[in-house]
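Asks: Submitted below is the structure of interest, expressed as structure tokens.
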Amino acid sequence: MGTLPPTSVVVDDDRVDDAKVGREEADHDHEQKQLDAGARFVLKSKGSWVHCGYHLTTSIVAPSLLSLPYAFTFLGWAAGILCLVIGALVTFYSYNLISLVLEHYAQLGHRHLRFRDMAHDILGPRWSRYFVGPIQFLVCYGAVVACTLLGGQCIKAVYLLTNPNGTMKLYEFVIIFGCLMLLLAQIPSFHSLRHINLVSVFLCLAYSACTTAACIYIGSSSKGPHKNYSLNGNSQSRVFGVFNANAIIATTFGNGIIPEIQATIAPPVKGKMFKGLCVCYAVVTMTFFSVTISGYWAFGNQSEGLILSNFLDDGKPLVPKWFIFMINLFTILQLSTVGVVYLQPTNEVLERAFADPTSKEFSARNVIPRAVSRSMSVILATIIAAMLPFFGDINAVIGAFGYIPLDFILPVVLYNLTFKPSKRSPIFVLNTTIAVVFSILGVLAAIAAVRQISLDAKTYQLFANV
């Protein structure tokens, strides 16, 4: 028998690829008919890799990056930049791993739309029910509360700029921001946020550029503080400071909803998440490093927990008031989009519990429970934020127990269990090293966060005006 010409082989390969794509789309259509209301209505698979990039960028490039110069006060220049680079590389790597696992199961005809579904099939039902599910809920709902609190604090900062002797309290501004969240929470699905998240990308670029410019201006002028990059405190506080700093960096790079974001992509999903991550990390590189380096350069070990606080010296602005007002406005608007993105896992759970997948999405049977349940969810988050203005300390504990396992440890474990690389292969060794190192870091960060709560507990007061 004669051999087939090379062109025939290519054609056959194309047919195989087309058959895989067709099978994946057919499996997707079949699964869509069997989905519960949460997956059917909230996690619609209609987006492109560009939309995925918007969602990823909004979930990672958030105003929490404005606390990175503060993390450097515990680490210094060399260790700080090293930890920042490692955080970027490891998260980009781990998010790609979890995407590959999701793509693998999608090609097998069983697409996972939720983190807990993936954990159920790979780790077992108990891990899904008692570990991954609760931790993801705490991380995401904690992020909603944190965004609401920070949004209220930014509105208060704007208010005090225009009215230094104003008498309004922090909880009033938190409620105002909560009202904005209440409106945005009614957007029906994750996919529906794509245009809002595109605006969010421009907002994060805007406030990062403005913050960097302000830091350079202050640092270059006589108004700025004396630059001191030495580490503060005694040896014990420095050690715990290093753990705190690494927890801040890990939480800033954290996501926790990679499967839910990938669920918004229309089939076939192969390769699309990688493109979205490249878009996201291009923005990460521009924003994280510019804000961190310029902020720490300008203020040194006097960098505040939120670098915007450094723009005021005893209540006197170091840059024009309108400039601070503009940065805060960009930050407030982006905080609302970040909060709504992290509300999606909660919305999915509520939709699954109260909606009817056999009824139309916008039927009265589904719209009324959706509006009531989402409104109650946002109202509860607003009450917690107003009542606990020290929630940042609590969120540090949630971050240590949540973001580090979900974003640094589980992706490499799930990859090893799914693809079963040889124990002598470089990828298995690398994945195991990441899992071990970040497990230790997570425990140490949790201890440091609990210690910080014990130190700050005497200053805690419900509905405090801080």
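Using the three backbone atoms N, Cα and C, a Cβ is placed for every residue, glycine included.
Note that the structure is predicted; figures quoted are calculated from it, not measured.
Okay, so TrEMBL annotates it like this:
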type: DOMAIN; residues: 46-452; note: domain 'Amino acid transporter transmembrane'
type: TRANSMEM; residues: 74-95; note: transmembrane segment
type: TRANSMEM; residues: 135-158; note: transmembrane segment
type: TRANSMEM; residues: 170-187; note: transmembrane segment
type: TRANSMEM; residues: 199-219; note: transmembrane segment
type: TRANSMEM; residues: 239-258; note: transmembrane segment
type: TRANSMEM; residues: 279-299; note: transmembrane segment
type: TRANSMEM; residues: 319-343; note: transmembrane segment
type: TRANSMEM; residues: 371-391; note: transmembrane segment
type: TRANSMEM; residues: 397-415; note: transmembrane segment
type: TRANSMEM; residues: 427-450; note: transmembrane segment
Asks: Should anything in the same chain at least six residues away from the transmembrane segment (199-219) have a Cβ under 8 Å from its Cβ atoms, list it; otherwise answer none.
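Replies: For the transmembrane segment (199-219), the list is 54, 57-58, 61-63, 65-66, 227, 283, 286-287, 290-291, 294-295, 297-299, 307-308, 310-311, 318-319, 323-324, 326-327, 330-331, 333-334, 337-338.
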Asks: Tell me whether the transmembrane segment (239-258) sits in contact with the transmembrane segment (371-391), defined here as at least 3 Cβ pairs under 8 Å among residues 6 or more apart in sequence.
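Replies: Output no: the transmembrane segment (239-258) is apart from the transmembrane segment (371-391).
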Asks: Examine the transmembrane segment (371-391) against the transmembrane segment (170-187) and state whether at least 3 Cβ pairs sit under 8 A, considering only residue pairs 6 or more apart.
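Replies: Answer yes: the transmembrane segment (371-391) meets the transmembrane segment (170-187) with 3 or more Cβ pairs below 8 Å.
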Asks: Among 74-95, 135-158, 427-450, which stretch has the highest count of C-beta pairs below 8 Å with the transmembrane segment (319-343)?
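Replies: Most Cβ pairs under 8 Å with the transmembrane segment (319-343) come from 135-158.
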Asks: For the transmembrane segment (279-299), give me same-chain residues lying six or more residues beyond its boundaries with a C-beta closer than 8 angstroms to one of its C-beta atoms, as numbers and ranges.
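Replies: Same-chain contacts beyond the ends: 50, 53-54, 56-57, 60-61, 65-66, 68-69, 71-73, 77, 80-81, 84, 88, 92, 201, 204-205, 208-209, 211-212, 215-216, 218-219, 224-225, 227, 229, 252-253, 307, 310.
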Asks: Check the transmembrane segment (74-95) against each of 135-158, 170-187, 397-415, 427-450 and return whichever range has the most CB pairs under 8 Å.
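Replies: It is 397-415 that shares the most Cβ pairs under 8 Å with the transmembrane segment (74-95).
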Asks: For the transmembrane segment (397-415), find every same-chain residue at least 6 residues outside the stretch whose CB is under 8 Å from a CB in it, and list them.
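Replies: Non-local partners: 90-91, 94-95, 97-98, 100-101, 115, 118-119, 122-123, 132, 135-136, 138-139, 142, 247, 250-251, 253-256, 258, 430-432, 434-435, 438-439, 441-442, 445-446, 448-450, 453.
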